[in-house]
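Each remark here refers to the structure printed beneath this line.
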Ligand SMILES: *[C@@H]1O[C@H](CO)[C@@H](O)[C@H](O)[C@H]1NC(C)=O
Ligand SMILES: *[C@@H]1O[C@H](CO)[C@@H](O)[C@H](O)[C@H]1NC(C)=O
Ligand SMILES: *[C@@H]1O[C@H](CO)[C@@H](O)[C@H](O)[C@H]1NC(C)=O
């Protein structure tokens, strides 16, 4: 989209927002019919209007009930239950000055999962709807305000702080961090949903969300792609565990062309990836029996190679609401792949295969596809993603294979080497290798694969697959090989123990 259209769009958003936020404030004032809400002193020009909207029903259009620090009556009216969980949801920077549609989804998912919990929206819209640096500047005072609310609840209701969970999106994650810093005692948990990056990346711990802000701090990073030196979501790990779905950068279903092809395409992509953290969290609340696992890894590249699918010593965890608290281990980076839509969870496999170079393969670069046959269903045409440009010949290669559906236990694998003219990738690869020798017909390359060792990330089960026909282990472009399960585990030879 061109510049002018973008500016117009921003302007329209802002104009609409001005109108609607005016109506919203009116509404909030009307709400104080018992007089209590009218007693607030008139504010000077700086907006510092923070509301604690405790939800009673799933319908966001219905007024909730407003809590106010020091007003015991509000607690009774709102039905605050001090022995139940208390969950604060904190929004981020806003251009529109309105709650975005994710808020409704998150609130209703939390309420459906935790029927008895006190679910409170921290509404700091008037402060968040400022120029970004100003909104950033307000995060600490909003955090302080939440801390005073929590201190008062501790004094007034003996609220146990370990039952408090702060969930903050974008700038709201850092607000939660400040609340955790300022409160007397330690809140149970803070979840950061794609915490904002600009003006927080690389700053000292006390100026952003950090592991000390709660007993357990978990973070989802979904938009850490850098443009012009900044990224919308913070890149560095800032919690006890930091989960980077799909490497934390490109989210499936969000690419240009995949989201609605409207004029605001670029903004839509941005919003889609940044907000994905919220939708993954909502998914984890709703789909309790289809949990997504993340695996600890030192970096996205190693993860994409399939090296990190271990669950030993707490190296894997559920994502989102179901994340298990772990012994303090700062900045543990975890990765997973997801589907493009809810339910986001899929299935990860590590596959190891030794690829022998049999003939004429010194420059070529095979494109492999797999068909996986399982006890529930099959997954066809799964692209074997090669990370380091090309497959290592005469070496054992490790791959990460992802299926969107649960195929059950894997029974059989079909390895297919794409023919020379079956896709643009293959055409291009062949063009590159044959360009200088196109008058001589190159000989047919041959590779050999004898077995594939598989580890399922979700079940941690290991199997060895052997060539179905032991005499057929060689493969050339346009051909395929079939492997069947021949052994549980990965041992090449059965262990010989206690032999006499
Ligand atoms: C308050 O919450 C606790 C714990 O969830 C629950 O056992 C109790 O019944 C709740 N009380 C009321 C009045 O809802
Ligand atoms: C942040 O707010 C304080 C007042 O609360 C002000 O003195 C300071 O200049 C502000 N900083 C920025 C960068 O706007
Ligand atoms: C791999 O092994 C084959 C036969 O054993 C040999 O011809 C080839 O040179 C080896 N090395 C590479 C890099 O392919």
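Each Cβ is built from the backbone N, Cα and C atoms, and glycine gets one as well.
Please treat TrEMBL annotations as automatic predictions, because they have not gone through curation.
Features reported for this protein in TrEMBL:
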{"type": "SIGNAL", "residues": "1-17", "note": "signal peptide"}
{"type": "ACT_SITE", "residues": "170", "note": "active site, nucleophile"}
{"type": "ACT_SITE", "residues": "194", "note": "active site, charge relay system"}
{"type": "BINDING", "residues": "205, 208, 213", "note": "Ca(2+) binding site"}
{"type": "ACT_SITE", "residues": "274", "note": "active site, charge relay system"}
{"type": "DOMAIN", "residues": "347-485", "note": "domain 'PLAT'"}
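Sequence features, as recorded in TrEMBL, placed on the structure.
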residue: 170; record: active site, nucleophile; DSSP class: coil
residue: 194; record: active site, charge relay system; DSSP class: coil
residue: 205; record: Ca(2+) binding site; DSSP class: helix
residue: 213; record: Ca(2+) binding site; DSSP class: helix
residue: 274; record: active site, charge relay system; DSSP class: helix
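Take the mean position of the Cβ atoms of 205, 208, 213, the recorded Ca(2+) site; other residues of that chain with a Cβ within 8 Å of it are 174, 177, 181, 204, 206, 207, 209, 210, 211, 212, 238. Residue 274 (active site, charge relay system) is surrounded by 24 other CB atoms, counting those within 10 A of its CB over all protein chains shown.
Note: the CA-CA distance between residue 205 (Ca(2+) binding site) and residue 194 (active site, charge relay system) rounds to 17 Å. When pLDDT is averaged over the domain 'PLAT' (347-485), the result is 86. In this structure, none of the recorded positions from 170, 194, 205, 208, 213, 274 has a C-beta falling under 6 Å of any atom of ligand 3.
Residue 194 (active site, charge relay system) has 170, 274 nearby among the recorded positions 170, 213, 274, counting only those with a Cα within 10 angstroms of its own Cα. With respect to their backbone Cα atoms, residue 213 (Ca(2+) binding site) and residue 170 (active site, nucleophile) stand 16 Å from each other.
Each of the recorded positions 194, 205, 213 was scored by the number of other CB atoms within 10 A of its CB, and the lowest score belongs to 205. Neighbour counts were taken as the number of other C-beta atoms within 10 angstroms of each residue's C-beta; across the recorded positions 170, 208, the minimum falls on 208.
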